[in-house]
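Sequence annotations record features per position, and here Swiss-Prot assigns compositional bias 'Acidic residues' to 16-25. Annotation comment: Swiss-Prot describes 224-235 as compositional bias 'Pro residues'. Annotation source Swiss-Prot lists compositional bias 'Basic and acidic residues' at 316-327, 386-430. Swiss-Prot lists 228, 236, 376 with the feature phosphoserine, giving experimental evidence as the kind of evidence. According to Swiss-Prot, the region 'Disordered' annotation covers 1-32, 208-243, 316-444.
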């Protein structure tokens, strides 16, 4: 027998399974289960069950409840309603070989058996750094293993493809597959004391099916179930979120600038926050500030120089005015002295002229004091008093004119325009339209002699044949009779040469074409013109501001 077993062992291949090894594995598994059960389902003895409640069917053992524990108990699910939903995803508590609770089952729930799931810190350690790395074989697989894996992969792919091809085919079309007939030997049994029948051979064939027959059942598409949860990725434990992080993660709602169908009242800060413009950082170039500062500096310098020029111009005008007044004063004084000298020469002899002049001045001063009076001194005093009155009248006229100018400067624009329109000289057409040139209504001008029965009327031929005048009387005869007639106030004893000079120098008709007031110095500039009218060309920069700015900019550059 020993030789036979040795020969058989040499001929037969090595066994894949060993009974002794299986017995050893079964014993280890049973011990582990007993240890697991002992740890997992520990029931305290009677009398020490205060605070303990059965939570799983294993707590009841073979059956039977605990009467001293007053809770709802269902030993072996007896008395539980079948319609009630089961626990579902509840997992049974498991322990490791050391007795600790195994939480890896929670991570592996919903995954296939061979899928790699990181469930502990040990899974994160590389293989080369783990303990017992030498026990793991890192050799390449053999050809048999490669072929076996390839066959499994091929079968899996064929299964998937066949399923997809079957789904793509139409469901309504019936394709009958003819199978080979099956022959069955049928032997009837003896029933109710009947005689045995003979054996028969039955031929079973597939029943014919109408291909145009509509389907008998309604196929419903079952919705796809939820996918398996992704494997967990180990990360740091969660921490409390700060208020700043919550504010950063807060996303404002989308607010339209055009539509508000609900009619909500949205604050301006929320509307601006939804716009997103405040998130952009606005960067302002320094060149703008430098450019603005340079412009401000140049403008200030230009204003200062313009102000200085205006002050200098004002001072020069005042100085010129003072010089003119001084010159006029000197001319007036010289004329007064000349007049006084002529009066003294006409009253006394020619050889006593200087003495009489000096005496007249002394006597005039004495007459003001009230010492005595003389004929020549009285005449000089009369002339001085008349000149003084004229000067006083001129001063009053200037004062009235200054007051009028002051009132005009304080008037509004509309009132000043009305006053200027009122003072402006009107032509004949405007005066006729306004009724200002209406003649005095006399009895002679209100009637027409042609309407009466008289010898010179229309009945007698109106007038002579050789006369061409249309009207019997001139128009506005009363005013025209006094236009060029000298007034009664004029003195009859007038020097002819002096009167002629006065009439020629008088600007009597300037009001018809010129303004009442002229610009200062316009009389000196007026020159006699010969030929066509000439115009002055406009000056582009009368005050030289553009030239000054160009010079300043050229100096800076």
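Just so you know, glycine gets a Cβ as well, placed from its N, Cα and C.
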Could you work out which of the modified residues (228, 236) has its C-beta surrounded by the smallest number of other C-beta atoms within 10 A?
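With the modified residues 228, 236, fewest surrounding Cβ atoms within 10 Å: 236.
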In whole Å, note down how far the CA of residue 228 (phosphoserine) lies from the CA of residue 236 (phosphoserine).
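Here the two Cα atoms lie 24 Å apart.
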On the DSSP side of things, how many residues of the region 'Disordered' (208-243) fall into helix, strand and coil, could you say?
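When I sort the residues of the region 'Disordered' (208-243) into the three classes, I find 1 helix, 0 strand, 35 coil.
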